[in-house]
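Accompanying notes for the structure given below.
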Amino acid sequence: MSNHEIKDRFRGFLPVVIDVETAGFNQKTDALLEMAASILRVDENGDLYIYETLEFLIKPFEGANLEKAALDFTGIDPFAPDRQDMPEGEALTQMFAKVRKELKSVGCKRAILVGHNAAFDHGFLNAAIERADIKRNPFHPFSSFDTASLAGLVFGQTVLAKACEAASIPFSNTEAHSAKYDTEKTAELFCEIVNKWKRLGGWPLIENEVEEEDDMAAIFHSGK
């Protein structure tokens, strides 16, 4: 990874960590209530870190289903008088503008979603994009990095709180289930996994690939 550029680390993709809080499990019918995004960068040592976190409180879309059990679980009151929320289309427009600006700044071609059980967040994100009729989506439509799977591999834990504990990342169960908090903890976990892999010698691959090519060339020319 020459010059430690993030565009070289993930094949031109920019990892953006996303968490959503919802009023149920059905992405088509249940309301999207909160969304947060952590934009990641690489420092001068080649380590991944959180550059910026965006947070959006979202008005339930017209006709959205609100499951009481989901609201009780998250503690979100979508009709609280002091809740400074916005329509989901406006939230997406603001977030995508920030992501596109970052893509241009770091030379990446597209964003890729990072999430804990990423299919859930990706599904709600894509459903909101469809409802808002947004045509220019900076995210890959189906590829993602799932920290539940990665943490299971690296730390033997798939629950976010337990994976953070195994990674020595502080985690508060009382602050959990807000999109901003969960996004930042997921981002910390993803950064630790990627950075740990680098510390263990798993990255960069380029030097190893060059050595292997040289070895193969030597074998070929020796006639063996």
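Note that Cβ sites are derived from N, Cα and C of the backbone, with glycine treated the same way.
What TrEMBL lists as active site, proton donor/acceptor is His177. Every protein chain considered, the tally of other Cβ atoms within 10 Å of the Cβ of His177 (active site, proton donor/acceptor) stands at 15.
What TrEMBL lists as Mg(2+) 2 binding site is Asp19, Glu21, His177, Asp182. Asp19 (Mg(2+) 2 binding site) carries a strand DSSP state (E or B).
Within 10 Å of the C-beta of Asp19 (Mg(2+) 2 binding site) we count 29 further C-beta atoms, all protein chains included. Annotation comment: TrEMBL describes Asp19 as Mg(2+) 1 binding site.
Mean pLDDT, taken over the domain 'Exonuclease' (14-199), works out to 98 on the 0 to 100 scale. What TrEMBL lists as domain 'Exonuclease' is 14-199.
Long-range Cβ contacts of Phe25 (site 'Important for substrate binding and specificity') within its own chain (separation 6+, distance under 8 Å): Glu67, Ala70, Phe120. Taken from TrEMBL, the feature site 'Important for substrate binding and specificity' covers Phe25 (among others).
Annotation comment: TrEMBL describes Phe73 (among others) as site 'Important for substrate binding and specificity'. Around the Cβ of Phe73 (site 'Important for substrate binding and specificity'), the same chain contributes His177, each under 8 angstroms and 6 or more positions distant in sequence.
The site 'Important for substrate binding and specificity' annotation in TrEMBL covers Phe120 (among others). A helical conformation is recorded for Phe120 (site 'Important for substrate binding and specificity') in the three-state DSSP classification.
Within 10 Å of the C-beta of Phe142 (site 'Important for substrate binding and specificity') there are 9 other C-beta atoms, taking all protein chains into account. The secondary structure of Phe142 (site 'Important for substrate binding and specificity'), as reduced to three states from DSSP, is extended strand. Residues annotated as site 'Important for substrate binding and specificity' in TrEMBL: Phe142 (among others).
DSSP assigns His177 (active site, proton donor/acceptor) to coil, not to a helix or a strand. The two recorded residues, Asp19 (Mg(2+) 2 binding site) and Phe142 (site 'Important for substrate binding and specificity'), show a Cα separation of 16 Å. Taking the mean position of the Cβ atoms of Asp19, Glu21, His177, Asp182 as the Mg(2+) 2 site, the remaining residues of that chain whose Cβ falls within 8 Å of it are Val20, Glu34, Ala36, Thr74, Ala176, Ser178, Ala179, Lys180, Tyr181, Thr183. Taking all protein chains in view, 25 other C-beta atoms sit within 10 angstroms of the C-beta of Glu21 (Mg(2+) 2 binding site).
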